[in-house]
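Visitor: The structure follows.
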Amino acid sequence: DGLYADGSVIQHTKHAYTGSYGNELLKGVGRIQSIIAGTSFDITDERINNVYETVINGYIPLMHKGQMMSMVNGRSISRAPGTNPFTTEFAAGSETISNIMLLASGAPEEYSSAFKSAVKYWLEESDGAYDFYGNARDFDALLGAKEIMNDDSVTAEKYEGMKVYGSMDRVVQVNEDYTAGLAMYSSRIYNYEFGNTENKKGWHTGDGVLYIYNNDLKQYGEGYWPTVDPYRLPGTTVDTKELTDGSGYNKTSPQSWVGGATDGTNGTAAMYYNTTNLGQDMDLKAQKSWFFLDGKIVALGAGITGTTDAAIETTVENRMMTGDDNAISYNGEAWDKTEEEKQAKAGDYAFFKGTGEGNDIGYVYLDDADIYLAQETRSGKYTDINEYFVSDKEYTNTYFKMGINHGDSVENGTYSYVLLPGSTEEETAAFAENSTVEVVRNDVDVQAVKDTQSGAFAMNVWPTEGTGSESVNGIAVDASASIYTQTKDGVMTIAISDPKQKDVQIGLTLTDGYAEVVSADEGVTVNENGSFTIDTTDSAGASHIIKVKTSVESVSKKTLEYFLNEAKGYVEDGTVSGLVDSVQKMFTDAIAKGEAVMADEGATREEVLDAAKDLMLAVHALNMKAADKTDLEMALELAEMIDLNKYVEAGQAEFLAAKEAAETVLADGDAMQEETDQAWGDLVEAMEALRLKADKSVLQDLISQTAELDLSGYTEESVNVFRAALAAANSILADETLSVDDQAKVDEAVSALQAAADGLEKDPGSQGGDAENPDGGEDGENPDGNTGAVSGDDADGSGSGNGADSGNGGSENGGKAPVAVQTGDASPIMLYVFLAAGAAVIAVLAGRFRKVK
């Protein structure tokens, strides 16, 4: 009992039980985990990931649009709806959804995300067919489902692929159009479970039943098991003798050859069917194979041997007719009879129009056979198959039944047919007329087919070890094996397994040879002679994958050689050295790659084309020449000389941005000429737009001097004029936005303040001589008042200041205030001469830029 590495779930010792007991296991783990989460008892053992992996590999592939497949639900398929959590496929599926959501809440993100995506897909696909919310197990399940459906970050994801569950003898293939399930049993797994008077007629549910699921979600739903003919389940070859309730249950087969091989998408499965130990007085044996190809399921039977008082039959189909639009045709003609026997010829076909679009199935016979068709209406109750979980409701359903009658005694009988799920009647007819499937062998030693459409070849090899090797279609093995191969683009993928699970060494030889081994799984040895040895120890029926190149392609390298020589010529003549860095590297890499491919005799067509493409792209990049950055370097040198403290703020941000962009281009080895010219032009324009601050030194000195004047002895009118001029001068001095373009404003403020200072007039009421200057002269030491405009040191009154000529001081100045203004020295004058020269250079550069533009 327990979980297996391939995703199998076993309960009651040897029963496939993912759906019911397996769900109880998930629920138990999930609830315990939720209770102890965050406590000291929290599960930290990394083996909890085994549970998550089983969900990924086991539970999710076995769910079809919210339904847990009947073939893993054990005896619960016989329970009346509503009597137990595990009854119909949707009920078991609802439990699965609830339990996976429970696990998702405590699982690592990679698992939790996958679980939620699967749940969202199932809920979306089952909407309208099953009310999960109305049948939710508990409030947590209801809220969990709502949360997932309302979460836009959760994307619905459908599993697609193929699984061979070697540990429970089940196979599933899921593709875009349909899902196929196959239930078998062997020396390792029981045939069916009967207990508590449940599943009384489950005799043949493990005998190779082939389920075809599509969008007809009623197909295996409520009422199917009480009404389907239990002796004629689709895919089985059985003795149809009447059996007693529960007879022959919990039996393993005398045969271990049950299993298959898959590349993960397609594959093969087979079952050595043997009834001799069931205690039902049967002797039927049969070797049955199924080949799951792209959109086709090929069924072969061989070694069918047995006698009975009833009939030995292979049931091709037993499909519930769930809609009014169901219809049957045979070889293109409508068939609406109750029952008819026919002698089918190779190429004959039947067609079943299913319920709803895309749910049709075609059937093509590949060999002659005695067949029957029937439309059978059957009634039944769950009490007919279960006395423990029961209801009195009676169900009546009509079935399309078709099979092959091998008679009451057969020896080495065979059959071969193809199922085409999802095909239209026209597509079925076309396939029947021009079948892409060839039966290569169908006997007791080998069953093999190949499909020219997909490039697949597959075979099941039955001989026991030591009986010699079997060689078919270029593949030889020395032991029993299941093999699926597909050849595409010169590579053959081989999937091989030991369905008997005897831990043997299988020798495999490709008799047609091959070019080289691309890859091989662990456990595969490549021998010196090119053959392979596959060690199947502890593989439990799992597939081992080998990939080989089937042959060396003869590939022309003429185009590659042309571009290689051209590229090398551009390197040798120096053309490439003048290109941007990335293109130079492109040439270097492409040439190295081209030379390597030229030297490789086993280079494939794709490798040659890829190398030629890289060289061609390098040649196409020859116009990406490296830029001449001389002017840009010169402009940046000039930009570095600029002291922004001497400039007004306007334009500085643009200058700094242009300078940074120019530096980036200068450092970029891949910069093109156009990009370089643009960076140069932007920088020159930004430098030209800078404006030096206005020269306020004279204004500053004048303000400093006049601010110290004592205005108490002057007329009110002249003082007001002076104060207004001084305030205006201070405003001009404080304005940081004034540039050299605004120098006139500064000069005007100087003139106005100077004039206001010169225009200060003594108040007559406060004037008069004093003891030191009785004539009213202004500060002079000369008694006659001839002091000059400011003050004189000479006896004759000659002045050295900025006032009037000597001898006229008293009369020129009258009663006005003297003010001396210093105009500066030579240093700032030289600075402005330099800056003016720099501005001229910038103007020239800007003119060149405008011409370039």
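A Cβ is built for glycine as well, from the same backbone N, Cα and C atoms used for every other residue.
Grabbed the feature section from TrEMBL, which reads as follows:
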- 1-120: domain 'Polysaccharide lyase 8 N-terminal alpha-helical' (DOMAIN)
- HIS12: active site (ACT_SITE)
- TYR21: active site (ACT_SITE)
- ARG75: active site (ACT_SITE)
- 163-422: domain 'Polysaccharide lyase family 8 central' (DOMAIN)
- 438-503: domain 'Polysaccharide lyase family 8 C-terminal' (DOMAIN)
- 758-819: region 'Disordered' (REGION)
- 772-782: compositional bias 'Acidic residues' (COMPBIAS)
- 783-792: compositional bias 'Low complexity' (COMPBIAS)
- 798-813: compositional bias 'Gly residues' (COMPBIAS)
- 829-849: transmembrane segment (TRANSMEM)
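Please situate the listed features within the shown structure.
Guide: Cβ-based neighbour count (10 Å, all protein chains) for HIS12 (active site) stands at 14.
Mapped onto three states, the DSSP output places TYR21 (active site) in helix. Around the Cβ of TYR21 (active site), a 10 Å sphere holds 20 further Cβ atoms from the protein chains shown.
The local packing around ARG75 (active site), expressed as other Cβ atoms within 10 Å of its Cβ over all shown chains, amounts to 27. In the three-state DSSP classification, ARG75 (active site) falls within a helix.
Restricting the average to the domain 'Polysaccharide lyase family 8 C-terminal' (438-503) gives a pLDDT of 92.
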Visitor: Measuring Cα to Cα, how far is TYR21 (active site) from ARG75 (active site) in Å?
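Guide: Between the Cα atoms of TYR21 (active site) and ARG75 (active site), the distance comes to 11 Å.
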Visitor: Going by DSSP assignments with H, G and I as helix and E and B as strand, what are the residue counts for the domain 'Polysaccharide lyase 8 N-terminal alpha-helical' (1-120)?
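Guide: The counts are 64 helix, 11 strand, 45 coil.
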Visitor: Rounded to a whole number, how many Å is the Cα of ARG75 (active site) away from the Cα of HIS12 (active site)?
Guide: 11
